[in-house]
Amino acid sequence: AIERYWPFMDSDCHKNFRLTVCGTFLPKCSTGSTATVLPCRETCFSAKRGCSQKLKQGGTKWPNRQLKCNRFRRKRQGSCLKAVPNHMAPAPLRYAYCEQNTFSACANLSLQIRTLPNMFLQSDERIIQLEMNQYEALLQSRCHDNLAFLLCGVFAPFCPNDQQPFVLPCRETCEEVEMACAEEFQRLYRGLPWPAKLQCHRYPSGSSQQACATPNDAAIA
């Protein structure tokens with residue numbers, strides 16, 4: 001039930017949206033008690049005010065049945081998840097450096113210049129390599145020609161020539177890979193779902209104003 005709201009959490013329409021959704025579907029437990037702690041009514045309403053328009057733009061409505069704000073306790077009644085200030089998000093980090101991509105899985109890509117840290121703030125090559133190694137069996141399955149491109153673009157994003165922090169794979173490429181490889185991933189990894197870091201809603205669409213990369217790109221302007 002919670003998965004359908006992931007794109008709106010990542011859109012940062014309001015900081016309390018994530019708190020409201022996760023706090024409702026995965027409620028916090030009280031220490032030394034069997035009771036659960038749900039979002040405060042004020043938390044829910046602040047998220048609803050901030051995100052209703054974004055939900056509408058995404059072709060859906062505020063889920064009044066699951067997230068009916070009036071059913072939550074008021075903040076003054078205590079024992080609920082209080083709203084957090086919705087400060088503006090900080091400016092995106094500039095990339096730390098651009099250099100030749102040395103990860104073995106990326107050796108045959110047309111885009112060979114990477115930038116770190118990646119979108120998950122990973123900059124240690126050893127840690128990144130260990131994580132990429134987990135996909136070796138999937139790569140060997142050849143479930144899709146662009147799987148290596150997707151993995152490299154996620155874990156070692158492509159280095160642009162302008163002031164953007166990094167350029168990620170386009171969502172459409174991600175969706176093609178997921179459609180072709182998700183079943184094989186589950187088979188190889190004992191029923192595990194498609195990895196969270198490869199959830200395609202995280203990545204920009206080729207039709208959006210945000211730059212993204214496709215396997216046919218020889219360079220990124």
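Just so it is clear, glycine is given a Cβ too, placed from its N, Cα and C backbone atoms.
Annotation comment: TrEMBL describes 1-83, 93-215 as domain 'FZ'. Annotation source TrEMBL lists disulfide bond at Cys13-Cys51, Cys98-Cys159, Cys106-Cys152, Cys143-Cys181.
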Going by C-beta under 8 A and a gap of 6 or more residues, the same-chain neighbours of Cys143 (disulfide bond) are Val177, Ala180, Cys181, Glu184, Phe185
Within a 10 Å radius of its Cβ, which of these disulfide-bonded residues (Cys13, Cys51, Cys98, Cys152, Cys181) has the fewest neighbouring Cβ atoms? Cys98
For the domain 'FZ' (1-83), provide the mean pLDDT of the predicted model. 84
How many Å lie between the Cα of Cys13 (disulfide bond) and the Cα of Cys106 (disulfide bond)? 34
